Every structure is written in structure tokens, then in C-alpha cells.
Amino acid sequence: MSMLGVSLPGLALKNPIMPASGCFSFGKEYSQFYDLSKLGSVMVKAATLNKRLGNDTPRVAETKSGMLNAIGLQNPGVEAIITDELPFLEQFDLPVIANVAGSTIEEYEAVASHLRNSNIAAIELNISCPNVKEGGVQFGTDPNVAAEVTRRVKAAASVPVYVKLSPNVTDIVEIAQAVEAAGADGLTMINTLTGMKIDLNKRRPLLSNGVGGLSGPAIKPVAIRMIYQVYQAVNIPIIGMGGVRDAEDVLEFLLAGASAVAVGTANFENPHVCSDIIDALPFVLKEYGFDSVTDAIGKGHINA
Amino acid sequence: MSMLGVSLPGLALKNPIMPASGCFSFGKEYSQFYDLSKLGSVMVKAATLNKRLGNDTPRVAETKSGMLNAIGLQNPGVEAIITDELPFLEQFDLPVIANVAGSTIEEYEAVASHLRNSNIAAIELNISCPNVKEGGVQFGTDPNVAAEVTRRVKAAASVPVYVKLSPNVTDIVEIAQAVEAAGADGLTMINTLTGMKIDLNKRRPLLSNGVGGLSGPAIKPVAIRMIYQVYQAVNIPIIGMGGVRDAEDVLEFLLAGASAVAVGTANFENPHVCSDIIDALPFVLKEYGFDSVTDAIGKGHINA
Amino acid sequence: MKQVDALIVAVEEIARKTIKMDIRISKEILSEIKPGQFVHIKVGEGTEFMLRRPISICDLDMKEETLTLIFKIFGEGTEMLARLKPDQAINLLIPCGNGYSIDSIEADEVLLIGGGIGVPPLYYLGKKLQEKNIKVTSILGFQSSADVFYEAAFQSLGATYIATNDGTYGTEGFVTDVIDHFGLKGDYYFSCGPTPMLKAVETKLHDTKGFLSLEERMGCGIGACYACVVKTQDGESNKKVCQDGPVFEANEVEL
Amino acid sequence: MKQVDALIVAVEEIARKTIKMDIRISKEILSEIKPGQFVHIKVGEGTEFMLRRPISICDLDMKEETLTLIFKIFGEGTEMLARLKPDQAINLLIPCGNGYSIDSIEADEVLLIGGGIGVPPLYYLGKKLQEKNIKVTSILGFQSSADVFYEAAFQSLGATYIATNDGTYGTEGFVTDVIDHFGLKGDYYFSCGPTPMLKAVETKLHDTKGFLSLEERMGCGIGACYACVVKTQDGESNKKVCQDGPVFEANEVEL
Ligand SMILES: Cc1cc2nc3c(=O)[nH]c(=O)nc-3n(C[C@H](O)[C@H](O)[C@H](O)COP(=O)(O)OP(=O)(O)OC[C@H]3O[C@@H](n4cnc5c(N)ncnc54)[C@H](O)[C@@H]3O)c2cc1C
Ligand SMILES: Cc1cc2nc3c(=O)[nH]c(=O)nc-3n(C[C@H](O)[C@H](O)[C@H](O)COP(=O)(O)OP(=O)(O)OC[C@H]3O[C@@H](n4cnc5c(N)ncnc54)[C@H](O)[C@@H]3O)c2cc1C
Ligand SMILES: Cc1cc2nc3c(=O)[nH]c(=O)nc-3n(C[C@H](O)[C@H](O)[C@H](O)COP(=O)(O)O)c2cc1C
Ligand SMILES: Cc1cc2nc3c(=O)[nH]c(=O)nc-3n(C[C@H](O)[C@H](O)[C@H](O)COP(=O)(O)O)c2cc1C
Ligand code: FES
Ligand code: FES
């Protein structure tokens, strides 16, 4: 395998870098900036069974070294995604990861079933969206519920399922182990931390939804900690994310135990960020004495 | 009452600003920079029953708009604190809040009992320290255990008890309600988020303790969200903290529902920060249309 | 759209907390710009400000290869931008959004109606309309006399009326008061400003075809994050201000 | 100790990634400084870097009212500091720590033993010792010839030996090799550098009284946060590098 290549269930990645779900839509906009074939993969925007318009605006707010978002799963519905959005990505040489969301277990199941008729390589099961009134986050905070959704989606899906964990929990290891036992092929972590900003002039939360999800460099230490802890407790691969904006960040995630790394918020700061990281990564690996990406995975553990 | 004054159980505060525990030792060092009588109060460093040396170094690491610490409750023990440290603060015109920590419920109780012989105005019950192997954080993540420690310390203490909540929980409201029911006079929140940074050269966590507590502006959105949620669910006052570094931040905490505000990490950036905030606060209150601190408390709630 | 590191040529405070900034941009990029488009600006170099700031294109000069922005110091980000000095670099996504489509319209005279920081994009639009020999009448609203800018520039395009909320300059009141007072009209109107103003304009000029430029808080600025949406008037779907807008036809979206 | 906003007078790269920075500081503050003390520097203006950077005082000039720092570009913070230009401001806590107490010592000749970025504080110390007519011999260790700085400055204080790890300049090897090779000794030694070097020096010169200057990651820099501790050799208590140090007597603390 090449220096940057990583092989994960359903995903033969030429490099470990992929845009994170919800930060890259279905790729079209960022394809103006660079050839998407350069990416290891792409995690597309969440799909629900039917079209959703999402929350009222404002939907984003800036915070120090981070941002809050409460998009609320706006999407055209899984069928429209399969018909109108995913075909665009077929021109590029990369495996696509679909992001599955819902308000009920049945909805999750149904979305996964619909996706059998599409060209995706894996599913990211989003049980951790903090920005919708129903569904979303509660599926990710109770280990039994998390396991149940995982089992049902696994049964409905034709591709490997990566479960996206919420960081808003007392014990992330417990949830990770529950979904592993329920058949998850991998984990993606972390989703956003629940946060809020108050508009001093309007005397109310700035986001119309009240709370939102905190992302960006501010949360990186929480992501690293959780990946580090989960890596020691499970045997399925982790795709890490949370505040990544350069190749050194990627190496930190690999050392913590991630096998691949997604980049979210940093795309807004620098639309070339994924491409820049892919260019820099071989040099950063060498600088710190690693021959390859796989060589670095988990090597930050004291007894690694 | 004056524009800045706030009256809380045991604490007649001339203004709502106080240094946060662990970031100000016992005041001596910062008294070089300004007259501590200017402060509303001071939350001193954690006390345990016996002297503790704390964790190995490195104990701090910088992160984007924040920092990690794993001091590990270094302190000379409660008796030495009463004899050698607290008397220095008596020259200043301010109520002192002692921070009580321990590894067992009995230790918490004992520390609170010892403090009967001191001149403190209130106790901050630290059931949320993420940086010690035993005790600390688990007391703050289980509502029953949190309630039990609260009850026992309340019984042992001669002054009002404010319970310091950990943000590393799935449901902060549940813990807040449990300690309220157990007799807490107030809450202080938030303590640090558990995080980690990995040293790319050494290929191990940078802090000798592995994990550490994340503080600073990075965590402010999480603090605001939790205070906002807890304010709606309890009837005891909240002293807010987490990333405060200017008077606008203080107003945001007041609007979220805090009755007073502590400043931690920002003291390291600017040793005058508490004094600067106290100077600026009247102007910021006026700018946003408030007559007083009490006028602003909780006013960021949609139906306030 | 491109991401460019551009050099600042000049920075000037032209009204209260109102900064005019000239930036060196190549002819190739300038030639793609349509009036009403915006740039999405990175604030500082580090991580403190993770979101870019959208600022409308106010003017451009193909010969000098400069782009002009005018922005108000509002919060921390615009304050940082205002501190930049000539020869320092600024990172932009350029150009963003759709702009006013003026090639397709047939008009003899039009109204430009701007409020506050909604005034800048109307200037380059006015220049383009003038090139097409369309008669331009401008109605510009500001808070107070200290906030007024670019009056002379607009006068060179045609009749220009100023309204200030406090009456310290021009007509006292809102842009809609000016329209009433002077009985102004056109075949089309183009408006940019705060939402309440746009609403008032849309209502007042309900019989005239018009275009409105909207503001919304943005993430990506290029259509990928769904932050900046506005509902269509039928309530059935969302449009993205950064990609489908910022310019919409009057009565196309909910204000 | 004070917090001051000071103006930068000069910034110069004097060796590989090694920056010499002169800063305007008033006589009143300079007159309080003891050799071995440090300043605690704010990086940038915003929140991105919440922790200050400790840098030793290398020299000061009471007449010019300047303070000299020498630092290596190591990570993001020192890189930001290196980009500062004359006339820009820098925010310092000054002076921090205890410094070398040279008033109490009785000595005819002393050794200054520095490694890498441990070299700078020894320079002002050497000047002060010279003023007391104490003979100074300096042994300075660097990685490679490209890293060597301040050789001539130290030569003006007395005999100066350079060691480089790769032998590209001076003696090949460590400062302890130089001590052996040339049979150097003194009544006291003063050492600053990486911990492995300090350990080697402490062991080699176990019969000589000495002072060591330590490095530890810091929060407050003033003794309030307990970040920067080092255990005493008896293991019974902690000392704070920022307040009780950075200078300790040899064999006082665990290295
Ligand atoms: C398409 C478009 C064109 C614009 N053109 C101009 C212009 O030509 N001149 C001008 O002065 N202003 C313009 N604005 C408004 C300008 O973007 C905001 O004033 C600016 O982003 C405020 O940033 P700040 O850092 O000062 O404020 P802060 O409140 O510190 O900013 C925090 C966050 O909120 C966002 N934000 C705050 N206010 C607004 C707003 N009104 N609209 C959108 N996002 C906001 C910021 O972009 C940032 O992400 C335009 C906005 C849009 C959407
Ligand atoms: C008392 C004292 C005096 C010093 N004097 C000098 C000097 O004169 N010249 C010089 O070049 N360096 C000196 N250092 C080391 C210098 O402080 C670090 O090289 C610098 O802080 C690195 O910052 P950075 O942002 O480049 O690195 P980063 O790794 O990005 O810094 C991240 C954090 O780690 C801390 N840190 C990293 N390395 C060190 C270190 N070696 N010691 C303490 N903290 C560290 C930083 O202060 C910051 O908080 C001194 C250190 C101490 C404790
Ligand atoms: C604007 C925005 C929209 C997001 N939408 C989704 C989503 O639809 N599904 C999902 O699983 N995660 C979503 N996320 C979370 C990201 O995929 C990612 O987990 C998180 O932002 C942390 O990574 P970052 O710090 O690199 O942004 C969204 C994040 C942002 C900022
Ligand atoms: C170096 C350091 C030491 C701390 N020690 C304590 C402590 O002893 N007891 C405690 O309750 N909290 C302690 N804290 C937590 C702070 O009191 C505060 O809750 C937290 O840092 C969030 O506030 P901030 O972002 O303003 O720092 C410590 C924080 C820091 C940074
Ligand atoms: S700002 Fe991202 S879609 Fe408009
Ligand atoms: S750095 Fe805070 S005690 Fe030394």
C-alpha cells in the first residue's frame, strides 16, 4: 500500500482525508477549487426519508476558534439525493460515504434501505445531531438505543455502517462498545458539542434554534481525548474529526487512534484545506518519523 | 443595592466578578497587580484533607483559544490552608469562597468540617475535578452520588455550599436538580471539559496525566448552554464560568442565568483581567440597556 | 470563484466607523464580476475567527486593477479588517453570489434604494446601468449625517436623495418617505439594506418590478453548508443567500 | 512585577531560527532586574494563544532603556513573536522569577555553562559577575555551527569554549566534554539548558557549588496556578519554577 493509503471496511482510501458531513454538501461547490478525485473519500450531507427545510435562521454563529451551527438537517430527502446529487460524484475517483439521519428508528431503517439503490461505499449513521427537536441526539446518548438503531440499520444496509458518536455524553466508551456489539463496522467521531451563544442586543440565543453544535479547533482536545479512550476499548476502526485544519492535526488524530480523518469547519475558512492537507501529509509524516499513515495509527498510546 | 451588587447565599457581593478556583492560588500573587478588595469575591485553590503534591509535569498544555490542565489538586492540606494561606486574604474587603475536594465522601466531609474554623463565606464543593485518579469527576457524573456528597458536606459545613458541576455529562440538568434537592445553596458551573493533546514528537499525551481539563474561551459556548438549561430547571443561584475574558462575556453569562461570574484562564493571559472587567462592566451594562447586574440575570431567556 | 491572497492598496475611514478599502485584484478576476456580488473575507491568520465575513463589491477599476469595498465596523471581525494597512495581504473568496442580472432587463429609468451598508453594492450597479444608458435615481438612507458616504459618487450617476433617520442630513425619515415625498419612480428598482427597509420598499413599490439584495449569517459562502437560507414566498423551499442570492427578485423570497 | 505594553526596537535573526529582540523598557523597571529572571510574553492580541511564553532576559541597557531577549523559533508562539516588527507593541510580565543571587556568593572564578536557548540568560549574568571582578569562563553548547550565537559577546567576558553536537564548530560533543577536555573549573558554576545537559553538569561537577536554571511548561508565570512545579530532591515538596526558580541550587530539586 502507498504511504497515504488506508483500507477500511468498504473503503479503499488512497489517503485518509475526507470532508466531514454537512460541511461539503454533495461536493459540487468545492469542485470549483480542486479536483475531488484527490480526496480519500467524501462524507456527504445527511439524508432523511423526506425533504426537510431545517431550522429558521440564523443557523450559524462564530465562537472563539470555533462555530455553532443549527442547520437542522435541511436536505431534499434520500430519493432526491440519490437521483439528483450523488450522480455528480460519480465522475470522481472516490468512495462516497452517505450520512443517514432520522427521527425514528424506522426512518433510519428506511433511509438505509433506499440507499441500497445507490453507488455509495459506506453509511455514516448519524445518531448524534444536536440540532433537531426530535431524533438525532437522543439516539446517541443511550447505549441501548444506540445499539438498537445500529442493528436495524446494519440489517437494512448493503454497505458497511460507521456509527457517528455524540461527544455530549458522560461515557463515550460505553456507547462505542454498545454499537460495536450491535455490529457497527466502524465509528466516526466526534460530532459537535452542544453549545449556545446569546445575542446581547436581542437578549435571546443568537441561533433561532437556541442551542447549536460547536465545531472547529476549539473542540479538538475533546475529540482527541474521546478517540484515545475509545481506541483502547474497541476493535473497529475510527474515522476521527473535530477541529482539524492542517496535517499536524491529522497526525495527532492518527496517533490518538483514528484510521482516517474528516475535516469540517476548516473548509469554510479555507476551501482548499483538504487538498492542502493531502499535499502536506507525506512531509509531516516523515518529519515525525513515520513511513506511512498506517504506521502512525494508534502510536500516541503510551504502550503502543 | 448598587449597580454591580448581587446578594447570594452567604455572599454579599459588591460586584459579580471573582477569580475561579485554581487560577488564583490564594490571592497573594495577583495582589501585586491590583487591590484585591476590588473583587466581588475570590474562589481559592482546592483544599483536600492532607497535603497533596499533585500530578507530574507537564501539567498544562495550550490549545486553540484554550488550555488543558492536570494540576491534580496540589495543595498543602486544609489545615495549612486555614493557618498559612487564608489569613492573607483577611486584609481585603471580600468574602472568600473555599474550594473543597476529596477522594472519598468522608474526605469531603472532613475538609468541610475543618473549614468551620476559618473565616470563609461559602464553600464551593468540587465534585468535578477531572485530573485526579480517584475521586473528583465521578462524584459529579452520577446524580445519586452527587446528591449524597452534597448532603453530607451541607451537614458538615457552617456556611452555604455551592456545588461545582462537571460539564462532562449527558444531562447536566439532572445533576443540578439532584444537588439542589440535596440542599445545595447554589451552583457553580462549569468546571473543565475533559480533553487531551498528543505530543507529536514524544508520541504520547503531552500532559503526564494523559487527560486534562479544557478551559478558556474555547469552552464558553458549552458553559453558556449548560447555564441556560440549568437556570430554567432550578431555583438556586448559579455562579457561571468558562472562557470569560471581558465584560461582554460577563453579560452573556448573566443573560444565560448566572448571578455572578468567575474568571479562570484569562488571568494567565492578563493578570489585570478581573479588575479590567469590573471597570468596564457598568458601561457594558448601560450600552445594552441594563440598569444593574441583577436587572440582567436570566434576561437572555426567550420568555424572560 | 477563486481563493486569492490580495494586497491592500488603501484603507480610509470615509464616514463614522465606515471603511473604504481598495484591494489589488487582477483584471482576469475583475472581468468576471457582476454588480451585486460579494467577496468572502478571512479575518486574521489564525483560528480565532473561523468564519469569513461577506462584504459586497462596491466598485472596481479594470485599469488600476483594484476592487473597492466599503464596510462598517460592526463587531470584532470588521474591527480587525479595519486595522489592515496598505501592502498587507487579505484573503478573499471572489466573486461570490449571483449579482443583479441587468443584461436581461429592459428599462429606461430605475431606482437604486440603499440603506446603510446596503449602499455600497448599488454603486457599481449604478455605473453598469449608466453604461447601458439607463437613467438612474438613487435614494440612500443613513442613521445620521455622520454616517453618510458616497453622495457625490452617486450624484455622478444621476439624481441622488439622502434620508437620515434623525433628520441631520437630507430628508428626515426612511427611504420610503423620500420616495413618497418626491414621488419617485422607475421601471425597475434595485434595493439593498436591512430587512425592515427591504420589506417597506417591497410593499411600497409592489407594482414595480424589483430586485432585493439580502443579508444572512454565513458559513461557507459558496452554497455548501446551508447556513444562509431564506424561504421562498410559497414556503415550499429554501434558497441560499450566498449562492442563489444575495440578489432575489421582489416577492421571490420571504423577508 | 508589572504588566507592560512595550515597543519593539529591533528584531534580528542571529543564528538559525534564533531571534534577537530588543524592547524598550523604562529604567525604573530595568533597575529591578536580576540576572536569570525572565519575562512572560503574550502572543498575539486575541484568544488563539491563551498562554504566555517565558523567555529569559539576555541583556539590558539602562542608558538606551532596552531589554534584549534571544529566542529560538520552536512552535507557533515563538513563530508569531518572530514576525513582530520594530514599533509594534509586545505585552510582557516583567520581571518574573528569582534569578541568580550573586550578591551573596564569594568566588574568584566561575563557570557559565549554557546549552542552546539556555545560553541567553548567562550573558547578563556574566556581565554582572564581571562587574564584581569575578573571572568568568563560558562553555556554550549548540547543535551545529548554524546555531552558534553570541560567541564574541561571551569572549568579551572571558575565555569562551564552544561545543557542537555534530562537531561542525568548536569541540565536538557536549559541554561536559569541553569541561573534561580543557580541565575547566571554578568556585561556582551557573548552568542553563536542556534537562539532560543540566543532569550531566550536576553529576560531573558534584563537588562544585552550582546554580541551575530550569524550564517547565507554565500557565500563569507568577506562582498562582501550580503548573510549573519541580520536586525537591527529598521528594517531600514541590517548588514552582516560575516563582521559586527558575534558578535553583544544584542538588536542590529533582531533574
Ligand atoms: C451578502 C452580504 C453582503 C454584505 N455586504 C456588506 C457591505 O458591503 N458592507 C458592510 O459593512 N457589511 C456588509 N455585510 C454585512 C457584514 O457581513 C457584517 O457586518 C459583518 O460580517 C460583521 O462582522 P463582524 O465580525 O464585525 O461582526 P460579529 O458580530 O463579530 O460577527 C460574528 C459573525 O456573525 C456574522 N454577521 C454579523 N452580522 C452579520 C450581517 N449583518 N450579515 C451577515 N453576517 C453577519 C459575521 O459574518 C460573523 O460570522 C454584508 C453581508 C452579506 C450577507
Ligand atoms: C524560565 C524559562 C526561560 C526560557 N528562556 C528561553 C529563552 O531565553 N530563549 C528561548 O528560546 N526559549 C526559552 N525558553 C523556552 C521557551 O519558553 C519555549 O521555547 C517557548 O515557550 C515555546 O513556545 P512555542 O509557542 O514556540 O511552542 P509551542 O510548543 O507551540 O508552545 C505551546 C506551549 O508550550 C509551552 N512550551 C513549549 N516548550 C516549552 C519549553 N521548552 N519551556 C517552557 N514552556 C514550553 C509554551 O510556553 C506554550 O505554553 C524558556 C523557558 C522557561 C520556562
Ligand atoms: C455547518 C455544519 C453542518 C453539519 N452537518 C452535519 C450533518 O448533516 N451530519 C453529520 O453527521 N454531521 C454534521 N456536522 C458535524 C461535522 O460533520 C463534524 O462532525 C463536526 O463539525 C466536527 O468537525 P469539525 O470541527 O472539523 O467541523 C455538521 C457540522 C457543521 C459545522
Ligand atoms: C490551572 C487550573 C487549575 C484549576 N484548579 C481548579 C481547582 O482546584 N478547583 C476547581 O474547582 N476548579 C479548578 N479549575 C477550574 C476553574 O475553576 C474553572 O472552572 C475552569 O477553568 C473554567 O473557567 P475558565 O475557562 O475561565 O478557566 C482549574 C482551572 C485551571 C485552568
Ligand atoms: S453560507 Fe454556506 S450555504 Fe450559504
Ligand atoms: S506557571 Fe503558574 S505557578 Fe508557575
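Just so you know, glycine gets a Cβ as well, placed from its N, Cα and C.
What TrEMBL records for C:1-102 is domain 'FAD-binding FR-type'. Marked as FAD binding site by TrEMBL: C:ARG53, C:PRO54, C:ILE55, C:SER56, C:GLY77, C:THR78. The [2Fe-2S] cluster binding site feature in TrEMBL is assigned to C:CYS220, C:CYS225, C:CYS228, C:CYS242.
Taking a C-beta cut-off of under 8 angstroms and a sequence separation of 6 or more, C:THR78 (FAD binding site) has the following same-chain neighbours: C:ILE19, C:ARG53, C:PHE71, C:LYS72. With an 8 Å limit on C-beta distances, the binding-site residues from C:PRO54, C:ILE55, C:SER56, C:THR78, C:CYS225, C:CYS242 that reach chain A are C:CYS225. DSSP classifies C:CYS242 ([2Fe-2S] cluster binding site) as coil under the three-state reduction. Summarised by DSSP class, the composition of the domain 'FAD-binding FR-type' (C:1-102) is 11 helix, 47 strand, 44 coil. Checked against C:CYS225 ([2Fe-2S] cluster binding site), the binding-site residues C:PRO54, C:ILE55, C:SER56 differ in C-alpha distance, with C:PRO54 being the nearest.
Filtering C:ILE55, C:GLY77, C:CYS225 by Cβ distance to ligand 3 (under 6 A) retains the following binding-site residues: C:CYS225. Cα of C:PRO54 (FAD binding site) to Cα of C:CYS220 ([2Fe-2S] cluster binding site): a distance of 10 Å. Across the structure, C:ILE55 (FAD binding site) and C:CYS242 ([2Fe-2S] cluster binding site) are spaced 11 Å apart at their Cα atoms. Counting every protein chain shown, 22 other Cβ atoms lie within 10 Å of the Cβ of C:PRO54 (FAD binding site). Closest in space to C:GLY77 (FAD binding site), of the binding-site residues given as C:CYS220, C:CYS228, C:CYS242, is C:CYS220, taking the CA atom of each residue. For ligand 1, the neighbouring binding-site residues among C:PRO54, C:CYS220, C:CYS225, C:CYS228, C:CYS242 are C:PRO54, by Cβ distance under 6 Å. Here the Cα atom of C:CYS228 ([2Fe-2S] cluster binding site) is found 15 Å from that of C:SER56 (FAD binding site). In the predicted model, residues of the domain 'FAD-binding FR-type' (C:1-102) average a pLDDT of 97. The number of other CB atoms found within 10 A of the CB of C:ARG53 (FAD binding site), across every protein chain shown, is 21. Rounded to a whole value, the Cα-Cα separation of C:CYS242 ([2Fe-2S] cluster binding site) and C:SER56 (FAD binding site) is 11 Å. Across the structure, C:CYS220 ([2Fe-2S] cluster binding site) and C:SER56 (FAD binding site) are spaced 16 Å apart at their Cα atoms.
Cβ atoms within 8 Å of the centroid of the Cβ atoms of C:ARG53, C:PRO54, C:ILE55, C:SER56, C:GLY77, C:THR78 (the FAD site) belong to the same-chain residues C:PHE38, C:HIS40, C:ILE41, C:ARG52, C:LEU69, C:PHE71, C:LEU81, site residues excluded. A C-beta separation below 8 Å, combined with a sequence spacing of at least six in one chain, links C:SER56 (FAD binding site) to C:GLY36, C:GLN37, C:PHE38, C:LEU69, C:ILE117, C:PRO120, C:PRO121, C:CYS192, C:SER213, C:PRO246.
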